[in-house]
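Trainee: Before I ask anything, let me first share the structure, which is written out below as structure tokens.
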Amino acid sequence: ACHSALGRRLARCPRLLRMMLSSGKSDEELQKPSEHAHQKVLAVDNPLYTSAQRFAYLLLWLVNNMSVTLINKAAFKWVNFKFPFVLSAMHMLVNAVGSHIWLQLYHGAKSAPGDAKVSATRRRTLLILFSLLFSANICIGNVSILFVSVNFNQVMRSLVPAFVMGIGAIWQRKRFSARRTLSVVAVVTGVVAACFGEMTVSTFGFLVTLLCVLLASAKVVLTGAILTGAGLTLSPMELIHEMAPLSMIWMLLASFSTGEFAELLAELPELSRTMAFPVVLLSALLAFTFNISSFVANKVSSPLTLTIWGNIKQVLLIAISTYLFETPITVLNGVGITVVIVASGVYNYFSVIERGIPAK
């Protein structure tokens with residue numbers, strides 16, 4: 001009921017969504033590359049860091065990235081903490097505190113002042129709307145991890161580019177090159193093969209994961225709009241600082257309204273005798289340190305390098321989760337997963353290549 005109510009709220013806000021998706025520039029201006037943009041996109045990794053330093057930072061990002069997903073699944077499966085909304089709220093609490101400390105310590109992390117013409121009411125409305133999407137994306141993602149395997153979740157998440165392209169084509173009237181479109185078609189084909197047969201999942205699990213993909217796609221589009229358009233200028237850490245407290249409120253409301261919090265209180269004595277709460281706290285800390293490691297990884301490396309490491313993460317995460325959580329995989333599933341990983345890598349590569357030139 002909570003999820004459907006959220007959907008109705010978002011459905012009633014097309015004007016605000018269009019405001020957030022538009023930065024006041026025409027499609028031609030948005031697609032027009034700046035001088036040397038193509039070279040900048042494919043620039044070599046930051047020369048201020050040695051190869052060993054870059055490798056260390058990227059390895060930290062890789063381990064942190066995988067750890068968040070694996071720890072969340074472990075919390076649900078091994079310590080019987082089956083409360084995804086509360087888990088998500090704990091993530092937001094730690095992110096709120098952590099981002100506040102970060103901004104206090106590193107004043108340089110703050111962005112330049114935004115457009116003075118943006119009214120306080122519009123700013124507040126945009127942030128509240130985005131916080132609903134932000135919290136729904138995290139909550140539904142954790143619900144998905146609870147009901148489906150990590151493999152299924154990761155394979156389905158590979159559909160995000162397809163939905164992002166769809167949103168871009170409908171809302172922003174973007175056009176995409178044939179090679180990127182074909183890559184997405186290959187991804188979809190691989191997902192069908194990967195999810196067919198013994199990689200079984202309940203109807204509810206499938207629908208929740210599909211909703212997770214839709215929300216993740218919308219978040220990809222709107223995050224860029226919030227950070228660079230709609231009259232607002234926020235650094236990534238400032239966005240977390242703004243979103244985390246609001247999102248924690250939405251997550252706690254979802255927990256209360258679905259009866260999850262009451263179940264948690266009933267099971268509190270039993271859970272207190274296990275490692276449930278230390279695991280949840282560790283998960284929340286890893287979620288925040290992942291944000292920091294992402295900022296550092298983006299600083300020391302090029303987009304192309306991150307694309308390659310992202311594909312390495314996907315391969316390792318599927319392999320490790322298959323072993324840890326004993327997920328059965330048929331030959332067809334394995335072929336499908338391989339196609340998804342390769343096609344996703346090709347799509348990401350072309351995306352980086354084309355970021356500095358007009359889409360065709």
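Just so it is clear, glycine is given a Cβ too, placed from its N, Cα and C backbone atoms.
TrEMBL annotations: computationally assigned, not manually curated.
Grabbed the feature section from TrEMBL, which reads as follows:
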DOMAIN    56-348  domain 'Sugar phosphate transporter'
TRANSMEM  83-105  transmembrane segment
TRANSMEM  126-148  transmembrane segment
TRANSMEM  183-201  transmembrane segment
TRANSMEM  207-227  transmembrane segment
TRANSMEM  239-256  transmembrane segment
TRANSMEM  276-297  transmembrane segment
TRANSMEM  304-325  transmembrane segment
TRANSMEM  331-350  transmembrane segment
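Help me picture where these features are in the structure shown.
Mentor: Long-range contacts of the transmembrane segment (276-297) within its own chain (CB-CB distance under 8 A, at least 6 residues past either end) are made by residues 57-58, 60-61, 64-65, 67-68, 71-72, 74-75, 78-81, 86-87, 90-91, 93-95, 98-99, 102, 236-237, 240, 306, 309.
Packing against the transmembrane segment (304-325) from elsewhere in the chain are residues 41-42, 45, 54, 58, 61-62, 65-66, 69-70, 73-74, 77, 149-151, 154-155, 158, 297-298, 337, 341, 344-345, 348-349, 351-352: each is 6 or more residues past its ends and has a CB under 8 Å from a CB in it.
Long-range contacts of the transmembrane segment (331-350) within its own chain (CB-CB distance under 8 A, at least 6 residues past either end) are made by residues 151, 155, 158, 161, 177, 179-180, 183-184, 186-187, 189-199, 304, 307-308, 310-311, 314-315, 318.
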Trainee: Can you tell me which parts of the same chain pack against the transmembrane segment (83-105), counting only residues 6+ beyond its ends and a CB-CB cutoff under 8 A?
Mentor: 72, 75-76, 135, 138-139, 142-143, 145-146, 237-238, 240-241, 243-245, 247-248, 251-252, 254-255, 258, 260-261, 263-264, 280-281, 283-285, 287-288, 291-292
Trainee: Over the domain 'Sugar phosphate transporter' (56-348), what is the model's mean pLDDT?
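Mentor: Residues in the domain 'Sugar phosphate transporter' (56-348) carry a mean pLDDT of 85 in this prediction.
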